[in-house]
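Undergrad: Okay, here's the structure, questions in a sec.
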Amino acid sequence: MSRILLGVNIDHIATLRQARGTSYPDPVHAAAVAEHAGADGITIHLREDRRHIIDRDVYLLAKTLKTRMNFECAVTEEMLNIACEVKPTYVCLVPEKRQEVTTEGGLDVAGQLDKITAAVSRLAANGIQVSLFIDADKTQIDAAVASGAPLIEIHTGCYADAKTADEEAKELERIREMAKYAHGKGLIVNAGHGLHYHNVKPIAAIPELYELNIGHAIVARAAIDGLATAVKDMKTLMLEGRRGE
């Protein structure tokens, strides 16, 4: 049985920081905690609007990570320049719309093959392995192969957002089929988006999947699981302060 890896996305640690414009919680610290807990890699998305991860995070993480950085970005000159300077292990090219809350779908590789191929070639020339975030679709998988990218990440959002058991089963089967198809084409196949503690097992059971990238669910679970300790620690400090300790 092949091992499956976990890439922990720490974007929403940064979201919490940016909500108040503070210096904490620090995603760099969060990455170290995640690595210590068993994360096989750290995923970050530097968006053009810098809504959560900021440039400072990227450069510090490049120096401090003990595992691997998976750097998600749009296919823009600015982002490609940053990627080529930082040289993460992986760059995952994703679609990006300013008004979206989170990435809403896969990259249309087939519709912009020349642009994607040029980006893949440029990143590869800098020693970076390129992944393309795409829907579970044969046309997009074939285009990914044509672009020269060695990896894809299958968008699992439709599976995660399924409203009925039948819809979920249909999406799961589609992901299974496309993971097998892509693997047969020689691609390394990852998956992610919307995965959480109640839907991850069927995805993790797909033998062709190499790594799952999961973030929001882990950060949300951490906020609840760590809340009791955080409240107790704050109450202790307040009581010590009142006693003059």
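Using N, Cα and C of the backbone, Cβ positions are placed for all residues, glycine too.
Residues or ranges marked as active site, proton acceptor in Swiss-Prot: H45, E72. For H193, the entry in Swiss-Prot reads active site, proton donor, with the evidence type sequence analysis. According to Swiss-Prot, the feature 3-amino-2-oxopropyl phosphate binding site maps to N9, R20, G194, G215, H216. Marked as 1-deoxy-D-xylulose 5-phosphate binding site by Swiss-Prot on the basis of sequence analysis: D11, H12, R47, H52, T102. Positions annotated as site 'Transition state stabilizer' by Swiss-Prot, on the basis of sequence analysis: E153.
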Undergrad: What's the CA to CA span in angstrom from G194 (3-amino-2-oxopropyl phosphate binding site) over to D11 (1-deoxy-D-xylulose 5-phosphate binding site)?
TA: 13
Undergrad: I'd like the number of other C-beta atoms within 10 A of the C-beta of H216 (3-amino-2-oxopropyl phosphate binding site), please.
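TA: H216 (3-amino-2-oxopropyl phosphate binding site) is surrounded by 16 other Cβ atoms within 10 Å.
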Undergrad: Between the Cα atoms of H52 (1-deoxy-D-xylulose 5-phosphate binding site) and N9 (3-amino-2-oxopropyl phosphate binding site), find the distance and write it as a whole number of Å.
TA: 12
Undergrad: When the Cα of D11 (1-deoxy-D-xylulose 5-phosphate binding site) is compared with the Cα of each of the recorded positions R20, E153, H193, which one is closest?
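TA: Sorting the recorded positions by distance from D11 (1-deoxy-D-xylulose 5-phosphate binding site), the top entry is H193.
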Undergrad: Starting from the residue listed as 'active site, proton donor', work out which of the recorded positions listed here (E72, G215, H216) have their Cα within 10 Å, and give them in sequence order.
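TA: Cα filter at 10 Å returns G215, H216.
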Undergrad: Tell me, if you would, which residue among H45, R47 (recorded positions) has the fewest other CB atoms within 10 Å in the structure shown?
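TA: Selected from the recorded positions H45, R47 on minimum Cβ neighbours within 10 Å: R47.
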Undergrad: Whole-number answer please: how many Å between the C-alpha atoms of R47 (1-deoxy-D-xylulose 5-phosphate binding site) and R20 (3-amino-2-oxopropyl phosphate binding site)?
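TA: With distance taken Cα to Cα, R20 (3-amino-2-oxopropyl phosphate binding site) is 18 Å from R47 (1-deoxy-D-xylulose 5-phosphate binding site).
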Undergrad: Which site among N9, H52, E153, G194 has the most other CB atoms no more than 10 Å from its CB, taking these as recorded positions?
TA: E153
